[in-house]
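According to TrEMBL:
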| type | residues | note |
| --- | --- | --- |
| DOMAIN | 12-189 | domain 'Guanylate kinase-like' |
| BINDING | Ala19, Pro20, Ala21, Gly22, Thr23, Gly24, Lys25, Thr26 | ATP binding site |
Amino acid sequence: MSSKLLGNREKGLVFIVSAPAGTGKTTLTQMLVDEFPCVVESISYTTREKREEEVDGVHYRFITREKFEEKIQAGEFLEYADIYGDLYGTSKKWVESRLEKGLHVVLVIDTQGALKLKSRYPATYIFISPPSFEELRRRLLERRTESDEVIAKRLAWAKKEVEKKNEYDYWLVNNDLETAYQVLRSIVIAEEYKIKKVKKGV
């Protein structure tokens, strides 16, 4: 029954989700995709090295810096950003093609890319933060995928990201995964119906 709540529009909507690493944004986004067939997540291009557990075309589209810069020059990215020396970007053509099919597209991007978009691209901007930086540090350590130095950099960057939360349309805290998901799905459902009402002049 829940799938009938969404996907009734001719053209889809864009949802921008930003959150510090380790906040649970990937899990929350996947839960949306799993529940609603009309919701898809954009897969970013990146120049960073692929991790052992990652699959090209599933987690990211891994390309060389040279190829990435060619795409920048060709105007192929909706947005792109330099994060820790690696480039990340969203394909404009891919997003637009899904919207035309009536699909809602979720872009999981950092605050740098999101706030560049906000002034020129119509979307719903959602920020997710951890319950505390201590909890975030614990989660990052639990993953055991990065060195202490990288984790320290991520925590420092996370503090800067959280300072930007008031520039988003919605802010939620992932203290409990299921509660956070219910808030997120409510936002998505409300935005679909809100747009319909505006178009109908209600």
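In case you wondered, yes, glycine gets a Cβ from its N, Cα and C as well.
A TrEMBL annotation is a machine prediction, not a hand-curated record.
Not measured: the values here are computed from a predicted model.
Distribution of TrEMBL features across the structure.
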residue	record	Cβ neighbours (10 Å)
Ala19	ATP binding site	26
Pro20	ATP binding site	25
Ala21	ATP binding site	23
Gly22	ATP binding site	23
Thr23	ATP binding site	26
Gly24	ATP binding site	18
Lys25	ATP binding site	22
Thr26	ATP binding site	15
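The predicted model assigns the domain 'Guanylate kinase-like' (12-189) a mean pLDDT of 90. Mapped onto three states, the DSSP output places Thr26 (ATP binding site) in helix. In sequence order, Ile128, Pro130, Asn174 are the residues of the same chain, not among Ala19, Pro20, Ala21, Gly22, Thr23, Gly24, Lys25, Thr26, whose CB sits within 8 A of the CB centroid for the ATP site.
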